[in-house]
Amino acid sequence: MNETLIFVATVAASSATLALSGASMAQDLPQRGAEMTRADAEARAAAHFARMDANDDGVLDEADREARARARFDRMDTDNDGMLSFAETQAARDTMQERRAERRAQAGERDGHRGQRMARRGGGMRGMMMNRADTDNDGTITEAEFTSAALDRFERADANNDGTVTSEERRQQMRERRAERRQNRG
């Protein structure tokens, strides 16, 4: 029974980890309709990297993922017994859903289905973006690699190369990426 409970708690914590890390990344996106300059993109990348670098060693690696997962587990383990009860996982889930609803209300998101799909897939796009950022394939991502990847995405979106990405440029880039993914699927 205890092994089953620990397994279920681990799965719940992992699911919450993926959903919350996705939520963290979503908060870094510009407000709907807002323009973003290259300097804004660079500043956001630096702030996001700093939040993700849990041990402040200047690289994103397995140690950071483990530290963030441990911190999330500790926040969920409200009675500090080293295990997550059903009630603790439900409370964490309820809190996450409330925060998500608040963010959607603030952002004016229509129905939120995209975020649910991303959570079910384990944040596939996020993982793919992180893999692309690791340009030297050493299993870690330095701040320079992280910022470079963010600026590459910015430059691809800045269709007229004026140093600012408008909401229309952002929408056009999303349409192009969607068409490319459809084509790659077969």
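Using N, Cα and C of the backbone, Cβ positions are placed for all residues, glycine too.
According to TrEMBL, the compositional bias 'Basic and acidic residues' annotation covers 95-114 (among others).
Sequence annotations record features per position, and here TrEMBL assigns compositional bias 'Basic and acidic residues' to 167-186 (among others).
Within the domain 'EF-hand' (64-99), the DSSP-based counts of helix, strand and coil residues read 27 helix, 0 strand, 9 coil. Residues or ranges marked as domain 'EF-hand' in TrEMBL: 64-99 (among others).
The domain 'EF-hand' annotation in TrEMBL covers 129-156 (among others). With a cut-off of 8 Å between Cβ atoms, the residues of this chain six or more beyond the domain 'EF-hand' (129-156) that come close are 36, 38, 41-42, 44-46, 48-49, 53, 58-62, 165, 173.
Marked as region 'Disordered' by TrEMBL: 91-139 (among others).
TrEMBL lists 152-186 (among others) with the feature region 'Disordered'.
Marked as signal peptide by TrEMBL: 1-26.
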